[in-house]
Every structure is written in structure tokens, then in C-alpha cells.
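Straight from Swiss-Prot, the features:
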type: ACT_SITE; residues: 107; note: active site
type: BINDING; residues: 24, 25, 26, 27, 47, 50, 52, 82, 83, 84, 85, 133; note: NADP(+) binding site
type: BINDING; residues: 194, 198; note: Mg(2+) 1 binding site
type: BINDING; residues: 194, 230, 234; note: Mg(2+) 2 binding site
type: BINDING; residues: 255; note: substrate binding site
type: DOMAIN; residues: 1-185; note: domain 'KARI N-terminal Rossmann'
type: DOMAIN; residues: 186-336; note: domain 'KARI C-terminal knotted'
């Protein structure tokens, strides 16, 4: 599989376009500011009254309503939350989109599951940084980048001197992606593997494992503080080693005792039943059931902040003992407070 770097992308392509970034959340903030600082003409499209309007203006960005930002755009990057994208596209983007404009996404959810069906005259591409927006922004400002994926769903640029893939690479370069490396995939592959990774391993699997470990120690009489350190705080130390050089690299770095414990106890936690459950999760994603369940839950929201399933679980997480003991311990760790990835005042 080819990996594309800075020398493989022509940043002048995206610098010659008017780019509309729809949304100013974690990813929208990163993309808009990174492209702006790369010399791209960027307009942030937001709904009137959005709390993000002032934040974007304070960052030195041009801000307009979604409809107004789209009218003159050559490329529209839709970075609003997945559950809002279809309505925004149908009501504000589609009626104002230039015939030849390029639609871009950072996740294939709405295209792959056919919630958004673009016109045939619009090229459809994906530039998907493989990291949270806060990381995309912080690595860019530090001179680095986050590995990214690109995908082409529709290339309608037959009259141009460049292809939709050239545009995707150019955008990725302006966003810092080619500093780290860019891989090409498909909307289907990105969507299904991304959702599976989030649910079974990175978010759902990991947080459930952390909480179960914490609860096991506390229920056995150990202090919440020690349980927090052993089951949550140290995860970064281990995942950094894995990310750097793989699982064997982590094994090389840890003690023989820890390595032996990995081999004999890990399979008792992650069993054949766990893998069977993972396959069920993947099947729900592939069939579109997860997408429909998620969107149905969102439709029951009165304020746009999540439906009953989302809200009940979000509140349960907030009151879990690991959150309160963690907040107290982190407040005493000065090294954690020096450079935060998430600053809710600006992103």
C-alpha cells in the first residue's frame, strides 16, 4: 500500500480554491485553522446564533451562515456531527452548491449508508485524519501531522487539469496529513472499520475494560486512587509504546513479570466469546443497523445533544467513581495541566 507524503501532493490546488468548512467542533476547528495557516481561503459555515461563531472569528477566520458560505465555495468540507449532516445538506448546502463544487467529508458515514446522495456533477471525496480534531490541530501547530486517509466516491473533474484524488491529497497536505503519511481507501472500508474500531476497541472496548478493572479492585478493598492509577492513568504509557513500535515493542519495554502476566491472563479477559461479540458488532455496522439505531436515538433529542440512549449513558459515565477520583488526582498532576489537548474555551 502506497503512503503519500508532502512531495506527493500539490498544495497549490487547494490554495486556488474557496473552501467552506461546515461546522466548528473538534474537527472543524482543526481543519479550518490548519488550512487557513497553510494559505487556503477558508470560510467557516455555521448556523445563525451558533456558540462557535465568536470562537471562529476570534481565531481570525471568516464566518458566514452555511448557505452563504457554500454559494461561492469550490470545495465544501462537511464537518458537522454525523446526525446533522443530512438535514444541513438537504436544506442549506444542496440548494446553494455550485454545479462543479466538490463535496468533502472526514468520515464516510452519510455517503456510505446513503443518507446523503449527492448530484452526479459534484465530485465526492474524503480526507479523514486518524485522530481527534484536538490532536490534528496540536500536531499541526507543533510542525507535525496526523496520519490521514483519502477516498474518492465520485470524480466529476474531467474538465480540470487535476483529479479528485489530487484535490484530496492537496487538502490533506494543507491539513498537515502528508507530514505524517496518507493512505488511500474507500468510503465503505473507512466507514465500517472506523466504526468497528471505535466501538469494539478504542472507545467502547477500552472504556468498558478500564471501568471493569477499576471496579474489580475497589470491590476487593483496594483504594480508588490506586485502582485509578493502575487501570486508567497507565493506559497512555502502554499505548504510547504500542503505537511507537507494536505490541512486541511494548513487551520489550515492560518487566518480565508484566509480560508473563500479559500472556497468561489476557486471554482470560478477552475470550472466544469476546471475539464472537465483536463479530456481532461488525455485522450490525455492515448491515446499517448501527447507523439506523444511532440516528433514531438522535431523532428523539429535544435539544440536539443526544437521544435517550446517549444521554443516559453519558450521565452514568459522569457519576462513575472513576471520574471523581480521576478529577481530583489530575488536579494535583501539574504536568498534565501544562498543555491540554482539549481546551473547551477555544475548541
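Cβ atoms here come from the backbone N, Cα and C positions, even for glycine.
The structure, with features from Swiss-Prot marked on it.
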residue: 24; record: NADP(+) binding site; DSSP (3 states): coil
residue: 47; record: NADP(+) binding site; DSSP (3 states): coil
residue: 52; record: NADP(+) binding site; DSSP (3 states): helix
residue: 83; record: NADP(+) binding site; DSSP (3 states): helix
residue: 107; record: active site; DSSP (3 states): coil
residue: 194; record: Mg(2+) 1 binding site; DSSP (3 states): helix
residue: 234; record: Mg(2+) 2 binding site; DSSP (3 states): coil
residue: 255; record: substrate binding site; DSSP (3 states): coil
Self-check item: residue 194 (Mg(2+) 1 binding site) CB neighbourhood, other CB atoms within 10 A
Solution: 19
Quiz item: Which one of these binding-site residues, 26, 52, 85, 255, has the sparsest Cβ neighbourhood, judged by other Cβ atoms within 10 angstroms?
Solution: 255
Exercise. Measuring Cα to Cα, tell me the gap between residue 47 (NADP(+) binding site) and residue 107 (active site) in whole angstrom.
Key: 21
Practice problem: Among 24, 25, 26, 27, 47, 50, 52, 82, 83, 84, 85, 133, the annotated NADP(+) contacts, find the widest CA pair distance and round it to a whole Å. | Solution: 20
Quiz item: In angstrom units, rounded to an integer, how far apart are the Cα atoms of residue 83 (NADP(+) binding site) and the residue listed as 'active site'?
Solution: 12
Self-check item: the domain 'KARI C-terminal knotted' (186-336) [mean pLDDT, rounded to integer]
Solution: 96
Quiz item: Of the recorded positions listed here (26, 52, 107, 198, 230), which is spatially closest to residue 255 (substrate binding site) when Cα positions are compared?
Solution: 230
Quiz prompt | Residue among recorded positions 24, 85, 107, 198 with Cα closest to the Cα of residue 234 (Mg(2+) 2 binding site) | solution = 198
Self-check item: Cα-to-Cα gap, residue 52 (NADP(+) binding site) vs the residue listed as 'active site', nearest whole Å
Solution: 21
